[in-house]
Amino acid sequence: MELKIGRAIISHALKDLDEYSDVDVAIVGAGPAGLTAARYLAEKGLKVVVYERRFSFGGGIGPGGNMLPKIVVQEEAVPILRDFKVRYKPAEDGLYTVDPAELIAKLAAGAVDAGAKIILGVHVDDVIFRGDPPRVTGLLWIWTPIQMSGMHVDPLYTQAKAVIDATGHDAEVVSVAARKVPELGIQVVGEKSAWSEVSEKLVVEHTGRVAPGLYVAGIAVCAVYGLPRMGPIFGGMLMSGKKVAEVVYKDLMAEAHAVRA
């Protein structure tokens, strides 16, 4: 029995890793923006993989507001809640409260049911680039426990037509690309202190492409462009995820059309 268990895990896991080593879109971070983007991109028929460094979904959703089990979403993001069948309750002035556990579960289920592949426990270490001028064409990754151990282990590769940084406050993928491929012309400014109503609007406005093949969504947008943080209101994260999906899909379709022409 033990042999069969081991062989089943090894053979099926390696098959998945092989299948998703070449994708249309690689998303780094299974938080609200990353999971939202994954669902809307996968629904369009794109091959999508999501890498999450932890062994759980949700990013900053789970702790709620200072560990209180509620988060807030504004009126503009309610259509996305409805898409994912997430229940919400009115608060005041166009704000609604949502249960963090329900939001995590339904965002993840929505992405998976749409066809996205989520792989947990993955630390993205670097990007792949090609060309002059350069374009980001994929990722290098290792398992998170290896990265945490401090051991030097060479990573493996994932090729992608588009890479989305949804890693949160540190904008880890964009930061490493800015540092190691200066020809991309990326500058990571660092996020500012809180100004929620301004940040919720600006994070959506600035969501999109930062360099050829590389996109940013969610709170990582604040880090890249020097925007204020917003705290435990997540409508901007959801809307940012949906917007980056729309931008990536439009760009990939335009590139495919140009190749055919």
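A Cβ is built for glycine as well, from the same backbone N, Cα and C atoms used for every other residue.
In the three-state DSSP assignment, the secondary structure recorded for D154 (Fe cation binding site) is coil. Marked as NAD(+) binding site by Swiss-Prot: A33, E52, R53, G60, V124, H152, V153, D154, I219.
Counting only same-chain residues six or more apart in sequence, none has a Cβ lying under 8 angstroms from the Cβ of D154 (Fe cation binding site). Look at Swiss-Prot and you will find D154, H169 tagged as Fe cation binding site, backed by sequence analysis.
R229 (glycine binding site) is surrounded by 16 other CB atoms, counting those within 10 A of its CB over all protein chains shown. What Swiss-Prot lists as glycine binding site is R229.
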Let me know the most crowded of the binding-site residues, choosing from R53, H169 and counting other Cβ atoms within 10 Å.
R53
Please work out the number of neighbouring Cβ atoms within 10 Å of the Cβ of V153 (NAD(+) binding site), leaving out its own Cβ.
11
Nearest-integer angstrom distance between the alpha carbons (Cα) of I219 (NAD(+) binding site) and R229 (glycine binding site):
7
Give the three-state DSSP assignment (helix, strand or coil) for A33 (NAD(+) binding site).
helix
Neighbours of R229 (glycine binding site) among the binding-site residues A33, R53, V124, V153, H169 (Cα to Cα, within 10 Å):
H169
Minimum Cβ neighbour count within 10 Å among the binding-site residues V124, I219: which residue?
V124
